[in-house]
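Data first, discussion second: the structure below is written as structure tokens.
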Amino acid sequence: MAKRIEVSGLNVYYGDFKAVEDVSMTIEPRSVTAFIGPSGCGKSTYLRTLNRMHEVIPGARVEGKVLLDQQDLYATGVDPVAVRRVVGMVFQRPNPFPTMSIFDNVASGLKLNGVKDKKKLTEVVEASLKGANLWNEVKDRLDKPGAGLSGGQQQRLCIARAIAVEPEVILMDEPCSALDPISTLAIEDLIEKLKDKFTVVIVTHNMQQAARVSDQTAFFNLAATGKPGRLIEIAPTKQIFSNPSEKATEDYITGRFG
Amino acid sequence: MTTIVENKPAYDGKALDLTGRSGSRAFKNTLATVLIVLAFVVALIPLVWILWTVVSKGYHLLLSADWWSQSQRGVTVRREGGGAYHAIMGTLIMALITAVIAVPIAIMGAVYLVEYGKGTKAARAVSFMVDILTGVPSIVAALFIYAVWITVFGFNRVGFAVSLSLVLLMLPVVLRSTEEMLKLVPDELREASYALGVPKWKTILKVVVPTAFGGIITGVMLGLARVMGETAPLLILVGYSKNINTNPFNGFMGALPTMINQDRTELALQPAADRVWAAALTLILLVLVLNLLARLVARFSTIKSK
């Protein structure tokens with residue numbers, strides 16, 4: 001359970017506006033890849049093309065290839081719903097379903113896709129909550145609403161919800177930006193653990209976080225406002241932070257940017 | 001840049017004056033407060049007045065069991081007695097049929113406008129039509145159904161025809177309020193559901209609509225409240241009957257607004273006047289009870305918080 005992602009020559013458009021230009025990269029299975037870069041450089045947009053989530057926005061389209069173990073996500077006949085079943089996502093702000101209990105939130109992916117077997121659901125919920133390091137905190141109140149948890153707990157609940165459907169890849173779009181340092185640490189520990197089973201891709205504004213959790217780091221930048229974002233460099237995290245090959249990367253990570 | 005800071009002594013020995021609002025600001029504040037409170041009181045006067053009048057003049061008839069179980073069969077305006085059972089049943093039956101037809105169409109229309117049609121020409125057309133429908137007076141809706149139901153198809157004046165015209169009045173109210181409620185559901189929830197590989201239709205059915213459920217129920221209640229008090233469609237599309245008739249497809253039917261209208265003509269007579277006020281109070285209570293019921297349903301359909 002974890003697949004290699006190979007992207008080649010990817011352009012993303014919103015209508016006529018080119019948001020991301022010519023991105024190619026390989027993401028290894030069971031690894032953590034971090035995307036860093038200034039706001040508006042297209043890293044979140046690009047992340048969303050990896051599970052076709054950008055298609056929610058009218059006018060958004062993509063050129064190029066995204067291969068998931070040889071299978072092109074953009075080949076004709078590919079159903080975005082099926083893509084999202086194998087490529088899950090965790091969002092910037094925790095977004096548990098407000099009408100559902102903690103249990104139902106975690107089980108929602110399975111339940112909404114037709115799994116009714118109570119025993120299986122119970123097992124999956126327990127395993128997912130344990131996988132998200134949340135089980136001990138919520139095991140006595142699984143029937144309480146998910147929205148009643150703290151921000152950090154809610155985010156871990158969302159991660160539990162994402163891993164409950166057993167995806168191959170988990171995309172995280174700034175998962176800690178709305179959380180306090182202690183909750184952030186909990187999520188980072190969790191990411192470390194998730195990589196045993198999943199391919200993890202994380203967008204972050206926090207460079208220390210990228211340095212702490214990721215195996216490889218991709219730096220995105222844009223030439224100027226209104227220009228498309230580009231992938232400047234992708235390399236093992238150690239190398240990016242100690243000896244980047246591009247001047248722009250070095251400027252950004254040392255804070256001499258702009 | 002830094003000169004301002006440097007020139008300022010670290011501590012000049014004077015305390016900052018942070019006291020009191022200036023006179024003119026305090027005056028404006030008081031003036032605005034008084035105006036707002038006055039507006040509130042003015043808005044409250046007619047409400048309290050109506051409620052007081054209706055309750056005080058109508059309550060004593062409601063205390064008798066006859067009121068809730070008897071019809072007006074054989075009761076003339078000069079006589080006391082009888083009840084409003086026929087009218088309550090008529091109002092409820094017609095309102096129920098109206099809701100059964102209007103609510104699904106309204107909710108599906110709102111779902112189309114918010115989830116599927118956003119920005120398309122078709123959605124704009126639907127939205128425009130709903131706006132027009134909102135402004136249609138009840139008598140126009142009634143005459144339209146009269147033209148279709150009776151003139152074109154040749155059917156009789158029956159309760160079901162009233163329901164059809166009430167659908168025209170209820171539909172835009174429920175559709176608009178449902179639309180607003182669906183718009184309030186954050187896109188993040190839709191995205192969270194999509195990210196789990198849940199198809200769009202299921203996301204709408206299981207995530208979006210349940211999240212907006214409380215608001216949708218409120219909209220339905222507003223629509224019902226409006227529709228239950230309408231009189232013009234009753235006058236045009238079904239005759240008033242003092243007998244109990246629970247068949248919406250056959251014969252005249254009593255209803256609370258037409259019961260009020262019936263006795264209104266003889267308001268000088270005490271028995272008739274009593275019934276008018278009692279029927280009005282019954283109508284208000286009916287809407288109130290339905291409202292409370294809907295709120296209970298909305299509360300128990302979502303999970304308990306804390």
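Every residue, even glycine, has its Cβ placed from backbone N, Cα and C.
Taken from TrEMBL, the feature domain 'ABC transmembrane type-1' applies to B:88-294.
Here TrEMBL flags B:31-52 (among others) as transmembrane segment.
Note on the transmembrane segment (B:87-114): residues 68, 72, 123, 126-127, 130, 159-160, 162-164, 166-167, 170-172, 174-176, 178-179, 182-183, 204, 208-209, 216, 220, 223-224, 227-228, 241, 244-246, 248, 253-259, 279, 282-283, 286 of its chain, located 6 or more positions outside it, place their CB under 8 angstroms from a CB of the stretch. The annotation transmembrane segment is assigned in TrEMBL to B:87-114 (among others).
Annotation source TrEMBL lists transmembrane segment at B:126-149 (among others). Residues 109, 112-113, 117, 155, 161-162, 164-166, 168-169, 171-173, 175-176, 230-233, 235-237 of the same chain lie 6 or more positions beyond the ends of the transmembrane segment (B:126-149) yet place their CB under 8 Å from a CB of it.
Summarising the annotation, TrEMBL assigns transmembrane segment to B:155-175 (among others).
According to TrEMBL, the feature transmembrane segment maps to B:204-225 (among others). Within the chain, the transmembrane segment (B:204-225) has long-range Cβ neighbours (under 8 A, six or more residues past its boundaries) at 95, 98-99, 102-103, 106-107, 111, 115, 170-171, 173-174, 176-178, 180-182, 184-185, 189-190, 192-193, 198, 287, 290-291, 294-295, 297-299, 301-302.
The annotation transmembrane segment is assigned in TrEMBL to B:276-298 (among others).
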| Distant-in-sequence neighbours of the transmembrane segment (B:155-175), which means Cβ under 8 A and at least six residues beyond its ends | 90, 93-95, 97-99, 101-103, 105-107, 109-110, 113, 130-131, 133-134, 136, 138, 141-142, 144-146, 149, 216, 219-220, 222-224, 226-227, 230, 233-234, 236-239, 245, 247-253, 255
